[in-house]
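One structure below.
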């Protein structure tokens, strides 16, 4: 240590606690000196990594990687309205602090940046660069283009914006806008801050910690709660401008006054706008970190590069503290030197004593521990060895670590002591004999070897005893499993449950027993394994071999009993199965025979009592023949019946002999021997009853056969007679025989003959009544039925009457129209020629052909069709679709004689009217008698045609109406 100049003393000495070395000042000249103090606070912790901010769902990452993701707690409450309010106010003030340099400002941060103009202006002010020319339009795409230019500029500065788009800023999304402003603040206000190799947030925090370290009640750990009482802001101002704030008068209990003082002073003297609201900071449980960081960064930039006032040498903070000392301080320096030497000597002696004490204690502990580590005694039980192992683990976990630390401390103290002695020109320290570092190292090495040997022995012994214990547990586990498996097996094998079973149940029991036998054979290996484990435990002298041997013997004895019982139960099951199978075979045979025989009995009983209806002798004779054939089979049926009953009796005998419960129940059928016996008895009783019924029906059919013959003999005479008479009458009706008078005479003779034949019909009706009463519905001896005969009789009478009427009408027509017999015959001949079916009528086509054959000219054009339809309307006025001979004759008669027509009358009226299409009343009165003239005048309609005169009458319509061709 030596003085560096006459006027100042650079003191290198004690490491002072967190206070300044201040000797009492005296009047005179003052010099600034600094004390090389290592006083640091916990606030000065450096971080090796920077952070990436993630706020409001926005990711911001800088290309140079100076920021990493913030801790989870920093993202809690990002949607808190209080934080949003603080950020909005702070960011607005920060932006205005820069925009005012350009002569403008913003009022609403989410609205004023929407068009992108002020955003681009802000970036130009804070960066000192010129952005591309903005779009001046007011359309949405102009605004988006401007915001995109600003975002592109931010990106060009190495900032990668994630989830921030121009559309959100243009739409006034507050969270996105605040996130964008925060990225700008980080990039242009915080990123360039650098303190002792720390940048951005960590650098700013370290700067605050260094500047506020000497101040009472200030402990800057973060950018939220540490600034809440305002003292940190005041300390930063006081540290750089002590003339602005009297820090001694400030109180931690008055945060509102502290905050207002700091904000007012900063705004008035440091040109830092008021960005925070004291009430918001105080009333918010956790103030917004970004708002405070923004405001504090303004302090940093305001004080950056500021020089200390007076003769102050500028060195890195906070490794320097400033105080005042007088010029004359040689005595004080000497005293300080003596104190320093004595303190070093005292410290060395303390370290020597501490070394001796630690060395003695450590060696004594090793001496006491070695016998325990070298002991190899155990109680031959796993629990005892595990207890020792746990004690050893406790020793390694609790007792040895402090000794390891003690040894390390001892070596450290020794090395430190030797270094201090060497630096202070003292002789090297030589410990007491047996306590040197090498002695301690040898003792420690021996301890470690003993530990290793002891641990190896414990592990080996544990493995050995664990194997022995494992064998015992294995024996117990296998024995338990075997005993669990055998539990209830002897009772099961001795059970007589199969005596109550049916065959299918017995077979299931037998299958179950076979499975048990397989399982028993499989367990043979387990029993042998149990015996082998017991033998091994005896060989290894297991401490509880007596109980192991006893249990093994019980298992072997039980195993022998199970084998004997299994064989005995197998024999009993086989015998029971044989008996039940025999019964089952008998039941099955009964079911096979009883089912068809029962069906035969049911069918036979139904046939014997079945109601039958026969109509002929052949049918009843067939039934009698079938019944005789059935009776011929009764002998074989009786044999089958006895065989079936004997099967049941044999089953009853076996069941009674062996006392088999439920053995009489037949699983294959619900039929019983009693059912068969009852039905067979019914059949034997029904056979003679059927014989009597068939005999009675035979007599009935013989009587019916007689009635058939009687009816057929009479009907075969009456039927042909009616047909002959019908043909004769039809021939007369065709007009082919003689004159009309001859035809009329012959028809009346036939009429008398028909009425005279009526008794034969009445006799036939009586026979038919007897046939119906006997329920006879068919007669193979004749094709005639009473119904056809009645219809033929009625048709004969109707035909005679119709032909008589037609002949009379033809005579009347002939006489009134003057038609000759030859004409009538010609008309009849033509009509009959086209009446192919002899029905006495013609279809329209046949009638048209008939007219053509008689010389009528009917054209094939439309006019011809109209003429034919007019003729057809005359002969078939009712539109029946047929033309009868009477209408045909009437038409032909009118056509063949001279009759007046409507055309002739019209021609006559035309002559009276002097060829005019109308006629006048005077002309009628002049040419016709008065009554007939008045008749025409009253009924003639007025003339409506061309060239008419008043009073003109329409004689054409009148004439047409006279013959029914139009309405009058």
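The first residue you see is number 1, and the count goes up from there.
Yeah, the Cβs are placed from backbone N, Cα and C, and that goes for glycine too.
Caution: TrEMBL annotation is automatic and unverified by curators.
Pulled from TrEMBL:
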- 85-189: domain 'Calponin-homology (CH)' (DOMAIN)
- 198-304: domain 'Calponin-homology (CH)' (DOMAIN)
- 341-368: coiled coil (COILED)
- 499-526: coiled coil (COILED)
- 822-857: domain 'EF-hand' (DOMAIN)
- 863-898: domain 'EF-hand' (DOMAIN)
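Remark: secondary structure over the domain 'Calponin-homology (CH)' (198-304) totals 65 helix, 2 strand, 40 coil, with classes taken from DSSP. Using DSSP to sort the residues of the domain 'EF-hand' (822-857) gives these counts of helix, strand and coil: 23 helix, 2 strand, 11 coil. Across the domain 'EF-hand' (863-898), DSSP classifies residues as 25 helix, 2 strand, 9 coil.
Broken down with DSSP, the domain 'Calponin-homology (CH)' (85-189) shows 71 helix, 4 strand, 30 coil.
Mean model confidence for the domain 'EF-hand' (822-857) is a pLDDT of 76.
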